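Notes for the one structure printed next.
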Amino acid sequence: MLVVATFDQSIYLELAITSIEQLGIPRNNLHAFPMDKWREPRKPFDSIHSADGFSMLDLAAILGTCFMLLGAIYGFELDWGPILWGIIGALFGIGLGIGIKFLMAKKSKFGIRNITSEVVLMIQCETTHWDSVKKILWENTALGISTVGETARIS
């Protein structure tokens, strides 16, 4: 059976490998693959083909609508009328919303994606070792565990 686990790069990964070797699983059945981290900044606007879950326009749409409504309401009392004040309010709200989102994005380190798993550990073992291997991996702060093989069970 093949056991696949993900880890952060830490001393716990080394401890897990050592403990698994002490179970009698040979070193040539253990494979650790370090992952490269994504270092490019995110795009500020999503396209129709890709989205990262961070919307720059949601606050802009909300504030644009609110300020447009206020501009149209108070435009009846002001000189240029409700239509022009509604347009001015909408543009002001959209600009304010985009500006706030950019400031929030800069403060939260928007540019660099945080990748949680840094190393993938693959272990070829017998099904009799599964419970022991699983226990060792969880005790050493594995981020996730999966199995491929005869009894692909996860519990």
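Here the Cβ of each residue, glycine as well, is placed from N, Cα and C on the backbone.
According to TrEMBL, the feature transmembrane segment maps to 56-76 (among others). Residues of the same chain lying 6 or more positions beyond the ends of the transmembrane segment (56-76) and with a Cβ under 8 Å from any Cβ of it are 44-45, 82-98, 100-102, 105.
Annotated transmembrane segment per TrEMBL: 82-104 (among others), in sequence order. When Cβ-Cβ distances below 8 Å are used as the criterion, the transmembrane segment (82-104) is approached by residues 44, 56-57, 59-76 of the same chain, each at least six residues removed from its ends.
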